[in-house]
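K.L.:
Relevant sequence annotations retrieved from TrEMBL are reproduced here:
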SITE      20  site 'Transition state stabilizer'
SITE      27  site 'Transition state stabilizer'
SITE      162  site 'Positions MEP for the nucleophilic attack'
SITE      214  site 'Positions MEP for the nucleophilic attack'
Ligand SMILES: Nc1ccn([C@@H]2O[C@H](COP(=O)(O)OP(=O)(O)OP(=O)(O)O)[C@@H](O)[C@H]2O)c(=O)n1
Ligand SMILES: C[C@](O)(CO)[C@H](O)COP(=O)(O)O
């Protein structure tokens, strides 16, 4: 793939506590095929020829990071101990921390540390589709199941038409200055795209696939292991 002249940086929010995983360790450090889960995520991003540098946003008190050897990634990987109370805070703190190393028009790909099965083609498809886009966009997958709206007694109140509904993933790719301004003015956003939407803009949906899952619950760790071991079959 032609390397874009505009630079692309990755920011990896990795300062969460993983409460839904119900594990002693923050889930980003749980063992996945003998390596900390986060190493798979960082390896996928650092191996990409279209990403110039990977910044991983760790919690200020992260005790785990320094127990591992990250030297194989060289200077392509930069840890930032500036995680915040929410994922959006962590991303914004990361953007502020790299202000001197980026230009306003650089692209930023925000990717969850908790998505270790990111494949090269996911990154390449996203960058190819968005590199000349006015706004940017996200990897996402069309909803496949029928969706039900629950009432307060967990009975079905309604069936939600799934036409046009997509499940958001990461990376989410926006220009540095647009994303920083959007997150500085947004309130209670779940992802970068919703901050951009709050500015009245419409990010593009780039089709991914379910293998780029977010490890949220214990079962997800086993699914991620299977995906990484059966990458060819799974794609
Ligand atoms: N204050 C936070 C919260 C989350 N994250 C990161 O955002 C990503 C996606 O969030 P999620 O899956 O919700 O992770 P956790 O918040 O750790 O999980 P939980 O909601 O179960 O506590 C994860 O890589 C997580 O480390 C972060 O950097 N800073
Ligand atoms: C950003 C994200 O992965 C898109 O699906 C998701 O919103 C993260 O949500 P979480 O609650 O922080 O896991």
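In case you wondered, yes, glycine gets a Cβ from its N, Cα and C as well.
It should be emphasised that the depicted structure is a prediction, and the values quoted were computed from it without experimental measurement.
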K.L.:
In DSSP terms, helix, strand or coil for residue 20 (site 'Transition state stabilizer')?
P.N.:
helix
K.L.:
Expressed to the nearest Å, what is the distance separating residue 27 (site 'Transition state stabilizer') and residue 20 (site 'Transition state stabilizer') at their Cα atoms?
P.N.:
9
K.L.:
Using the structure shown, find which entry in 20, 27 (the recorded sites) has the sparsest Cβ neighbourhood within 10 Å.
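P.N.:
Output over recorded sites 20, 27: least Cβ neighbours within 10 Å is 20.
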K.L.:
Given the recorded sites 20, 27, 162, return the subset with CB under 6 A from an atom of ligand 2, ordered by sequence, or none if empty.
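P.N.:
Qualifying residues: none.
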K.L.:
Take the C-alpha atoms of residue 214 (site 'Positions MEP for the nucleophilic attack') and residue 20 (site 'Transition state stabilizer') and report the distance between them in angstrom, rounded.
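P.N.:
Cα of residue 214 (site 'Positions MEP for the nucleophilic attack') to Cα of residue 20 (site 'Transition state stabilizer') measures 12 Å after rounding.
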K.L.:
Give me the CA-CA distance between residue 20 (site 'Transition state stabilizer') and residue 162 (site 'Positions MEP for the nucleophilic attack'), in Å, as a whole number.
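P.N.:
A Cα-Cα distance of 26 Å.
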